[in-house]
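K.L.:
I'd like to ask you about the structure that follows.
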């Protein structure tokens, strides 16, 4: 929902600087919002079915085909510039198709990584691995910024070529499971300090008594993704309007939010491995994120150093829980012992959690577009409210986990004298 004004463009026959119909009218932000939501809604819809296909198809073929098709539709979007296409429906269709084929990605890659690593240090390993999402966001922003002032079509064609090439590399070199290359299997079901939560949370979606783990993490991710994707789509425009940066600098500055997300994802993984409480880690980070978002809106425009620090902190606190839920938590639930070796269910569990979260990803930018005309303060109030709702999903569970931990510690201390008696 944000575009960079080319420095050499001078338009005098309309109230906007854009000269590419139909985005050259006063409602250009709404039109960009429609395109954004075509992708996000299609992604959310397709994700619920993607996991089922991922279970039944070889992950290497499934992931490769998705990457090649994603490269195709991304490039077709950019070719609209060279083919002189001015139909809104064309761009909406390309984004919707792109959203559908990109649903092949996340369940497949989480399943592959989950197959290789057991629960012991999964939070840390997947926290480091998940940094690729933020690196991709940063790279995409830089590529778009490099071409947008000369030939905006290349801002889509170049990423399309990159993902297609990586799809070919994936086809030839991806190893889905350790047993495919005669490696020992990781221990998915050993009780360690890295359990995702107490026993009521570690039961899987396919176990009769434990839908709550998947349901609660899914709802938490819905609100967490709402906040994260609102920042992804609207942060450059906010920085340009409020912090008085020029558009190019605002786009570059917004990448710091993703840098913070890398640090937050790793931190969340390490803490959850050490404490054994995935839900508690998410809840604490979300609780701290709420006042930080308020503080960023209040003082974030007071100089470059303040903006940098607040973007890093907010990025870590907002994207940390998001990263933890979509990686380590999904892998923990999808490889639980009650599946009795059906590790392919990991793809479905990941798809359910991320699909629910993607609903929030579609709603957030849309709400921001509707609310932003009333003032940026109201947009931040909406984000803080979503953050609080994400915490409320876990209130009862986290409280129960803390009480159980205290009770266990207290019981162990009471048992210590008996050793001396015996």
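Numbers here mean position along the shown chain, with the first residue as 1.
For all residues, glycine too, the Cβ spot is worked out from N, Cα and C.
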K.L.:
Pick from 12-30, 31-49: which stretch is listed in TrEMBL under transmembrane segment?
P.N.:
31-49
K.L.:
Can you dig out which of the ranges 129-148, 189-208 TrEMBL describes as transmembrane segment?
P.N.:
129-148
K.L.:
Which residues of the same chain, at least 6 past either end of the transmembrane segment (154-175), have a Cβ under 8 Å from a Cβ in it?
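P.N.:
Sequence-distant neighbours of the transmembrane segment (154-175): 59-61, 63-68, 70-75, 77-79, 112, 140, 143-144, 146-148, 181.
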K.L.:
Cβ under 8 Å to the transmembrane segment (345-367), counting only same-chain residues 6 or more beyond its ends: which ones?
P.N.:
1, 33, 36-37, 40-41, 43-44, 47-52, 54-55, 59, 103, 106-108, 110-111, 114-115, 204-206, 214, 217-219, 221-230, 232-234, 322, 325-326, 329-331, 333-335, 339, 382-383, 386
K.L.:
Residues of the same chain, at least six outside the transmembrane segment (61-82), with any C-beta under 8 angstroms of its C-beta?
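P.N.:
Cβ under 8 Å, 6 or more out: 20, 53-54, 90-91, 94-95, 97-98, 101-105, 108-109, 112, 151-157, 159-168, 170-171, 174.
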